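Below is one structure, written out as structure tokens, with a few remarks after it.
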């Protein structure tokens, strides 16, 4: 079984913020695959299904970003999922908006949700779908920036990014992370928002 985790913060206040990018993609994946994420427990909203012949568990931790690992660890332990079968979908300040990068293992880039997951799972070997959100002009503004909503120009292209990220996840499930990396890691989806 694969555990696919979308990162974000619960509650209406954070619903449309950049930090909830992972939630957006997971919601799209669940809708397209007819997987109801209505189960509660393990500090998450979650649901089980089958994609490309493989059992999958989709989950959105409800712990707030900085404690995401608590939920991921509970799910992985209960369903006996090894760290290499965990795929985390998250926003990434180090990538421009419109860029998606797939990655297996590696550093956390200062992302507090990833740090929490790495600490909770005992290592960084989980897979990631990194969703670029760009950076604010001033480094000191990062905390505010990730909790702001997307701009109007970003919103125009957001659906395309979400659908592309969903397709990348499907390829990870069906063909493996390396094949999906070859397909998606050179892609840039920002032709409509050069002004951002």
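Along the chain as shown, residues are numbered 1 onward.
Heads up, the Cβ atoms here are built off N, Cα and C, so glycines get one too.
Annotated features, as they stand in Swiss-Prot:
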- 19: active site, proton acceptor (ACT_SITE)
- 14, 64, 66: tRNA binding site (BINDING)
- 9: site 'Discriminates between blocked and unblocked aminoacyl-tRNA' (SITE)
- 91: site 'Stabilizes the basic form of H active site to accept a proton' (SITE)
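Positions of the features from Swiss-Prot, shown on the structure.
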residue	record	DSSP class
9	site 'Discriminates between blocked and unblocked aminoacyl-tRNA'	coil
14	tRNA binding site	helix
19	active site, proton acceptor	helix
64	tRNA binding site	coil
91	site 'Stabilizes the basic form of H active site to accept a proton'	strand
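Looking only at the recorded positions 9, 66, the densest Cβ neighbourhood within 10 Å occurs at 9. For residue 66 (tRNA binding site), the nearest neighbour among the listed recorded positions (9, 19, 91), judged by C-alpha distance, is 9. Annotation for residue 91 (site 'Stabilizes the basic form of H active site to accept a proton'): spatial neighbours 7, 18, 19, 20, 21, 22, 111, 131, 133, 146, criterion Cβ-Cβ under 8 Å with sequence separation of six or more. Applying an 8 A CB threshold to same-chain residues 6+ apart, the list for residue 64 (tRNA binding site) reads 9, 10.
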